[in-house]
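Database features (TrEMBL):
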- 12-37: transmembrane segment (TRANSMEM)
- 43-61: transmembrane segment (TRANSMEM)
- 82-100: transmembrane segment (TRANSMEM)
- 106-127: transmembrane segment (TRANSMEM)
- 148-167: transmembrane segment (TRANSMEM)
- 182-202: transmembrane segment (TRANSMEM)
- 231-256: transmembrane segment (TRANSMEM)
- 262-282: transmembrane segment (TRANSMEM)
- 294-312: transmembrane segment (TRANSMEM)
- 318-337: transmembrane segment (TRANSMEM)
- 371-390: transmembrane segment (TRANSMEM)
- 402-422: transmembrane segment (TRANSMEM)
Amino acid sequence: MAMTMKIPSRELWSYFGYGLGQCFSFGLVGSFINYFYTDVLGISALAASTIFLIARAWDAIHDPLFASIMDTINSRFGKFRHFMLIAPLLITGVTLLAFYKIEADMTTKILYAGVTYILWGTLYAISDIPFWSMSSVMTNDSGQRTRAVTAAMLGVNAGIACANIFFPKLAAFFAQHSNDKGYFMAALVMMLVGLPLMLNGFMQIKERVPPSPEKVTMRDTFHNLRQNKPLFVILMSFFFCVFHNVANGIYIYFFIYNMGDGSLQMAIGIMGIVAAVVCLIAPMLTRKIQKRKLFMILCGLDVAVRGVMWFAGYQHTALLFILLGLSTLFVMMTNILTSSMIADTIEYAEYHTHKRCAAITFSGQTFTGKMSVAVGGGLIGVFLTLIGYVPQAQTQSDGVLAGLFFGICLLPAIGSLIRLAVMSRFTFTEEKHAEICRLLAERRNGSGDKHDEERLDRPVTAS
């Protein structure tokens, strides 16, 4: 058997810290950049939507291309760590540029917004892809990887939640001294806190899994990606979080019109932090239940909770938030399992192609996540139009109120049903992963049994 590589707790906390700091930026841009463009910078909603569309098209080219280049590089810091030294500085700088209000004509403002947003997405990938790829080289053990991914996902969700909780308060504080509603100074404070957290992650996190002995070319990385059949099943299930992303965008409308209090949106951020802490039990659960089975159970529980929420209504605020909190927990834990299973597929592809290409594998997660958020953002407008929502109205019709409640209850339930169905086709279990790790270790030592490799070739499939 291949030697197990245990990750020290201090290193896991540093991995958590990097994700926390990085997602201050992701949370700021993901939650507030659209409002900044339309209500602070003053460009039209159509112009902002066009910028987002162009950015996603560029991501489709850039993310896998950059990842393929990354897989061909080794440095004295390892395969991925050196990117985590320069990326924090780049992310901090470009996030501040994105929230800087320039005084110029409208065309220049649109060009500035477009360039800084696309640059942000490009530089964010230079951090996010190696950040997640690190989970595959910190250890070769599936259980230890789940611990690493849990720490990373805890940091990611805590970072996004902190951005949603603290940024509005900071912006309100600085607004009285600025002409940009306090956005730039609030972003500066958040990123000055996030920067040392990311740099500490670079200093503390270690790579332990050796790269492939053979030289990896860019052509090899794309061949490796095509051979990684289990990865595509996981990414498809991840993409269908799009229904939950639509619900996330509808919450503010629901709280304003159905509940009569838009400030309740802050509770979503608080629930995210609480759910992220509870997700620390994920490694314990995966020691007793296969990841695939646990993923499907969680999707089923989310469907059940959303159904109860629909029939219970929203007259009882406490019950509503308990159910929303449970749903947040279930979905967040499936995303932890997603990242852990993606890391395990790296050995699957390495076994079949003789090349280890972690970055191109995790670029799939980065791009799919961006695409799911972008499609979800576009569908919010479509959904609001379909239910007859009237912008800036004091009240909405009963049909619109029912539609908004449907959007936060049953629409995500449909997404979880689809995710459950997709994951049912995934068959690359922990047992098969452990066997592949053993054979890879023997292959590196030159002691592999060809009969074992031929036997394993048959059952190790994605579906």
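Positions of Cβ are set from backbone N, Cα and C atoms, glycine also.
A contact links the transmembrane segment (82-100) to the transmembrane segment (106-127), because at least 3 Cβ pairs that are 6 or more residues apart lie under 8 A. Long-range neighbours of the transmembrane segment (12-37) within the same chain, counting only residues 6 or more positions beyond its ends whose Cβ lies under 8 Å from a Cβ of the stretch, are 43, 45, 47-48, 51, 84, 88, 91-92, 95, 98-99, 113, 117, 120, 124, 127-128, 131, 134-135, 138, 147-148, 151-164, 167, 183, 187, 190-191, 193-198, 200-205, 373, 377. Long-range contacts of the transmembrane segment (231-256) within the same chain: residues 225, 262-265, 268, 295, 331, 335, 338, 341-342, 345, 348-349, 361, 364-365, 368-369, 371-373, 375-377, 379-380, 383-384, 389, 404-405, 407-408, 411-412, 414-416, 418-419, 422-423, 425-426, 462-463, each at least 6 residues beyond the stretch ends and with a Cβ under 8 Å from a Cβ of the stretch. Comparing 106-127, 182-202, 262-282, 371-390 for CB pairs under 8 angstroms to the transmembrane segment (148-167), the maximum falls on 262-282.
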